[in-house]
Amino acid sequence: MNEQHAQSDRPPTVRPMDFLLVTGLSGAGLQTAAKVLEDLGWYVADNLPPELISRMVDLSLESDSRLERLAVVIDVRSRLFTGDLGWVLTELESKPVHTRVLYLDASDEVLVRRFEQVRRSHPLSGGGAEGTLSEGIAAERDQLAKVKAAADLVIDTSSLAAHQLRQKIEDAFGDAENRTMQVTVQSFGFKYGLPMDADLVCDVRFLPNPHWIPELRPHTGQSEDVRDYVLSQDGAEDYLATYHHLLDLTIAGYRREGKRYMTIAVGCTGGKHRSVAMSEALASRLGKDSGLNVRVVHRDLGRE
């Protein structure tokens, strides 16, 4: 009895905070990585001096809204960063954090081309007055050699486009929910204007309008009677099937490009009957894809 009571008094097990150190060569994609991590739900601190990392971890653990994921981007922009992170990692070993190090690399040729394209000097080249771009890259590579050797994951971005780097980071540091594509199906009425945030717009005004059926007019496309009427019209189901196939192709392309959000606008005259019914039906079809998180929004419902 006493043993059971003692067990019930034990504090619940707290999951260690995920902590990620992001470092690497200037021009290798550190800012892109930071943006991707933010999209994945990480709290990202950029260009933090090494001396403050341990303190920031402590504050993150002590705060009322305890962070679950913290990433710190550190590179040679911080003049206090000499390339030695061993002592930082040692300090973190005593804290309830799961620490990993991500290192981004790229070839000298690619880094030179990237710096020339954006017309910026390398942080270690002295703006061109004290050294060349190639010398700055070489100095940084030498300075970060130990960090690279200690990294849990090294990504060479030489041949990667931004969306390909995003995919690698999502695979390594995201979860199933983060990798799910967010799709919004939005009904609207053309007489109120096109939705400003729509990626795709389809027009279902080719279907007969339930507005002219007295017993259906008061109801919306969410009602069974209106839905059955709209979907029973010639071409309605064929249109849904064809448009769904088109969306499958489009969504696959969005995923390849690293896009995680899509808004599909379905319009009729007033946004009350046809667009509502067709949006619900389209969302139902899309919802069968486990890789999509689908929601329906009826923008103009109730405006009449």
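Count begins at 1; order follows the chain as displayed.
A Cβ is built for glycine as well, from the same backbone N, Cα and C atoms used for every other residue.
Straight from Swiss-Prot, the features:
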BINDING   Gly24, Leu25, Ser26, Gly27, Ala28, Gly29, Leu30, Gln31  ATP binding site
BINDING   Asp75, Val76, Arg77, Ser78  GTP binding site
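Feature map: Swiss-Prot annotations on the structure.
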| residue | record | DSSP class |
| --- | --- | --- |
| Gly24 | ATP binding site | strand |
| Gly29 | ATP binding site | coil |
| Asp75 | GTP binding site | coil |
Hey, which of the binding-site residues Ser26, Gln31 is the loneliest by Cβ count within 10 Å?
Gln31
Sorted by sequence, non-Gly24, Leu25, Ser26, Gly27, Ala28, Gly29, Leu30, Gln31 residues with Cβ within 8 Å of centre, ATP:
Asp75, Leu104, Ala106, Thr157
For Val76 (GTP binding site) and Ser26 (ATP binding site), determine the Cα separation and express it in whole Å.
8
Neighbour count (Cβ, 10 Å) for Val76 (GTP binding site):
20
Among all protein chains shown, how many Cβ atoms are found within 10 Å of the Cβ of Gly29 (ATP binding site), not counting that one?
24
Out of Gly24, Ser26, Gly27, Gly29, give those binding-site residues positioned within 10 angstroms of Arg77 (GTP binding site), comparing C-alpha atoms, in sequence order.
Ser26
Could you measure between Gly27 (ATP binding site) and Asp75 (GTP binding site) for me? Cα positions, answer in whole angstrom.
11
Listed in sequence order, residues with CB under 8 A of Leu25 (ATP binding site) and six or more positions away:
Asp75, Leu104, Asp105, Ala106, Leu111, Ile137, Glu140, Arg141, Leu144
Under 8 Å between C-beta atoms and at least six apart in sequence, can you list the same-chain neighbours of Leu30 (ATP binding site), or say none if there are none?
Val22, Thr23, Gly24, Val73, Asp75, Leu104
Show which residues of the chain containing Ala28 (ATP binding site), separated from it by at least 6 in sequence, have their CB under 8 Å from its CB.
Leu104, Asp105, Ala106, Leu111, Thr157
When the number of other CB atoms within 10 A of each residue's CB is tallied over all shown chains, which of the binding-site residues Gly24, Gly27 has the maximum?
Gly24
